[in-house]
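Novice: So TrEMBL lists the following for this protein:
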type: DOMAIN; residues: 97-311; note: domain 'TLC'
type: REGION; residues: 326-351; note: region 'Disordered'
type: TRANSMEM; residues: 54-71; note: transmembrane segment
type: TRANSMEM; residues: 106-128; note: transmembrane segment
type: TRANSMEM; residues: 148-167; note: transmembrane segment
type: TRANSMEM; residues: 179-196; note: transmembrane segment
type: TRANSMEM; residues: 238-256; note: transmembrane segment
type: TRANSMEM; residues: 288-310; note: transmembrane segment
Amino acid sequence: MSGHAGDAGSPEVEPMPGYLELVARASSVMLGAWRECGSCGLELSKRTLLHNAYITWTEIALFFFCAFLWTQVRRGLTESLFEPLAQWCRLLPKDAAKMPESAWKLVFYTMSWSYSSYLLFFTSYSFFHDPPSVFYNWKSGMSVPTDIAIAYLIQGSFYGHSIYATVYMDAWRKDSTVMVVHHIITLALICFSYAFRYHNVGILVLFLHDINDIQLEFTKLNIYLKTRGGGYHLLNDILSNMGSVSFSITWFWFRLYWFPLKVLYATCVSSLQSVPNIPFYFFFNTLLLALLLMNIYWFLFIVVFVVKVLKVKEVNDVREYEDEDGSKAAAARHKDPQAADDDDDDAGHHNSAQGNLLRSDQMFPGTSESHSFTCINKNMLFLSECRLALFSL
């Protein structure tokens, strides 16, 4: 173990690197580590796993119990709170079907991110301001602090629940397969990082990712609520605007800036400085790099959305299966014509509310103000539809 592990006092905080330094140093260090690992292979991995993984059957049982508990809590809240709330707000049928999912995720991610923020900024842990410190004094089988162990149990069991929920409870979308892979990789990172006592870096990874889920679900809820009752609600429209802007900014800042420059630099470069023979160095960094690639993949959806808005073209949801929605609507009409008529009435209220915005030219017949006012309203409505296309996930 290198100097950081045994130094007395607080080591000097290293400045955060830039992208070029990350790529240059990480590739150099990883290539050097690969060349020096002459015995790397399946047999060494098996021995390393047996000698360094520490997890008890009690912890495994708690994981499955809590994953089952999350599923039941979600069902209970959906049936007793979220669905009645959607009906009380008179949401459009399509929005009412998706509102419980967003409400549930908003509740969880707000709770989990608040707890990880508490650990990073209101305790003695310095992992955010000094990322290399996640490996200081590391040793195989070291005890996990109770507050961090609780965070791991909450997050790990939730992602176990999320794998099931994505397949059987959530609406299926174009990127749902990628989402399942994301949950599996995240769960693998959580479980293995806990077993190998890389829990310090795990808390940092969770903090950098959960905030975007809060903003996403908050924005989606306000998009659903702004047309409740067939009307138009300005406050929810403003909140959805603020949510979409902050979501786009923090996605880049947290996942594409801080995550690689803080986490990946620490795991690729600083880890070998503190623990020269750190176990499963390549395995964990491969998973983290895969997580970064998926963050870039989802960021492309945001870029496509922005490009379409700038080109002022008709925007369709880049993630949803519209044909599937259309076939479901047709089947509903065939099965229950009265219900279909009710849905049409709700949609009619929504279109009527939008139409009121576009009929402003009646206030200024035959004037230039008429044309300008109508164009402004159409552009505002179009931007609103663009946000709905991106966030009606």
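Cβ atoms here come from the backbone N, Cα and C positions, even for glycine.
Just so you know, TrEMBL annotations are computer predictions that nobody has curated.
Are these features on the surface or tucked inside, and what touches them?
Specialist: Long-range neighbours of the transmembrane segment (106-128) within the same chain, counting only residues 6 or more positions beyond its ends whose Cβ lies under 8 Å from a Cβ of the stretch, are 13, 70, 77, 134, 147-148, 150-151, 154-155, 158, 200-201, 203-204, 206-207, 210-211, 213-214, 217-218, 221, 262.
Counting same-chain residues at least six beyond the ends of the transmembrane segment (148-167), those with a Cβ under 8 angstroms from any Cβ of the stretch are 59, 62-71, 74, 108, 112, 115-116, 119, 176, 179-180, 183-184, 186-187, 190-191, 194, 199-200, 202-203, 206.
Remote same-chain partners of the transmembrane segment (179-196), defined as residues 6 or more beyond its termini with a Cβ less than 8 Å from a stretch Cβ, comprise 52-55, 63, 140, 144, 149, 152, 155-156, 159-160, 162-163, 166-167, 173, 202, 205, 279-280, 283-284, 287-288, 290-291, 294.
For the transmembrane segment (238-256), the list of distant contacts is 208-209, 211-212, 215-216, 218-219, 222-223, 226, 292, 295-296, 298-299, 302, 306, 384, 387, 390-391: same-chain residues at least six beyond its ends, Cβ to Cβ under 8 Å.
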Novice: Restricting to the domain 'TLC' (97-311), report the mean pLDDT as a whole number.
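Specialist: Taking every residue in the domain 'TLC' (97-311) and averaging pLDDT yields 91.
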Novice: Can you tell me which parts of the same chain pack against the transmembrane segment (54-71), counting only residues 6+ beyond its ends and a CB-CB cutoff under 8 A?
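Specialist: Non-local partners: 108, 140-141, 153-154, 156-158, 160-161, 164-165, 169, 191, 194-197.
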